[in-house]
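Some features that TrEMBL has for this protein:
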DOMAIN    1-320  domain 'Major facilitator superfamily (MFS) profile'
TRANSMEM  12-34  transmembrane segment
TRANSMEM  43-62  transmembrane segment
TRANSMEM  68-89  transmembrane segment
TRANSMEM  101-123  transmembrane segment
TRANSMEM  221-242  transmembrane segment
TRANSMEM  248-270  transmembrane segment
TRANSMEM  282-302  transmembrane segment
Amino acid sequence: YPWTLVCDRNRLASMSQSLYMFGYVLGAVIFGYLSDRYGRLPIIWWTIIIEIIAGISSALSVNITHFIISRIILAFASNGRLLSTFMLVNECVGPKYRATLGMFIQVGWALGYCLLPGIAYLFPHFRHMILATSLPEILWLVWLLTIPESPRWQITHRQWDRAERELTKAVTRNKLPIDDIRSQFEVLKATVAEEESKVDATVRTSFVDLLTTPNLRRSTLILYFTWFVNSFVYYGISLNIGDFGGDLFISFFIAGVVEFPSYLFPVFAFKYVGRRPVTAALMYFSGLSCLAIIPFITYPVIWLRVTVAMVGKFFITSSY
């Protein structure tokens, strides 16, 4: 154990993970606001740069305090990058494709999930493993040079010229008719101006408005609770794969493979059944699966225990 995390100091290892998740929460709150205010692309740039620096810092940490602080900053930037990227990608497509794309964009997460145990096997020392997962992000900065800002964000902030320029590039790249794009923009500007004229400019809105009326308050609180439960169970299973027994590398890889069908199932289920009943059913079955693990905790057949856990992970990942 590095830094002699044994005996009464072994709790510091668990504390580092808990504080990592605390940084994750901060990243969602702060960078969510900043990406709305300053744009998706600038926040993605800054968060990736912070991620690289924090990753290298954690790999070179001299003590557990240095490591924990670096990890908090890493998580802080990581979730900001994740949310900003998710919004940017979804805002670059029409409503017809948005739900499906929102699911399939998670395939990248699943692929990284599957690759991580291989990287950990090749680089068993934690410093080398962190460097192996942090340094490749430098290539991401090169890739970002080709990525446009969200046209929807630009339109919302009345950056008409920039939005028109980006959409013209998209139309050209997709070999679509370009003749009427300027006229469509003029119609859009007129529509937005008309809507703004009907709104009282002195009225200020905030997230508190989500709690002001009974129906909106009920839906908001239910969704807050739903997100909490999904996060709690998903990370509860994912971060404790080693406790189910068996080879850690194989169990972790299987948990990553389970992610793929978990994304495909909701795409079709939402199409034919609907979001609310599917989400509710997935959460119910996830809860039942987690309860079903309890009798197998001391069961000698490891593969059966892992299988039940992976069934629970399938349902909670689909729900998430």
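Using the three backbone atoms N, Cα and C, a Cβ is placed for every residue, glycine included.
Because TrEMBL annotations are produced automatically, they should be read as predictions rather than curated entries.
As a whole-number mean, the pLDDT of the domain 'Major facilitator superfamily (MFS) profile' (1-320) in this prediction is 87. Panel annotation: around the transmembrane segment (248-270), residues 99-100, 103-104, 106-107, 109-110, 113-118, 120-121, 237-238, 241-242, 278, 282, 306, 310, 313-315, 317-318 of the same chain, lying at least six beyond its termini, place a Cβ under 8 Å from a Cβ of the stretch.
When each of 12-34, 43-62, 101-123, 221-242, 282-302 is checked for Cβ pairs under 8 Å to the transmembrane segment (68-89), 12-34 comes out on top. Sequence-distant neighbours of the transmembrane segment (221-242) (same chain, 6+ residues past either end, Cβ-Cβ under 8 Å): 17, 21, 211, 248, 251-252, 255, 279, 283, 286-287, 290, 309, 312-313, 316-317, 319-320.
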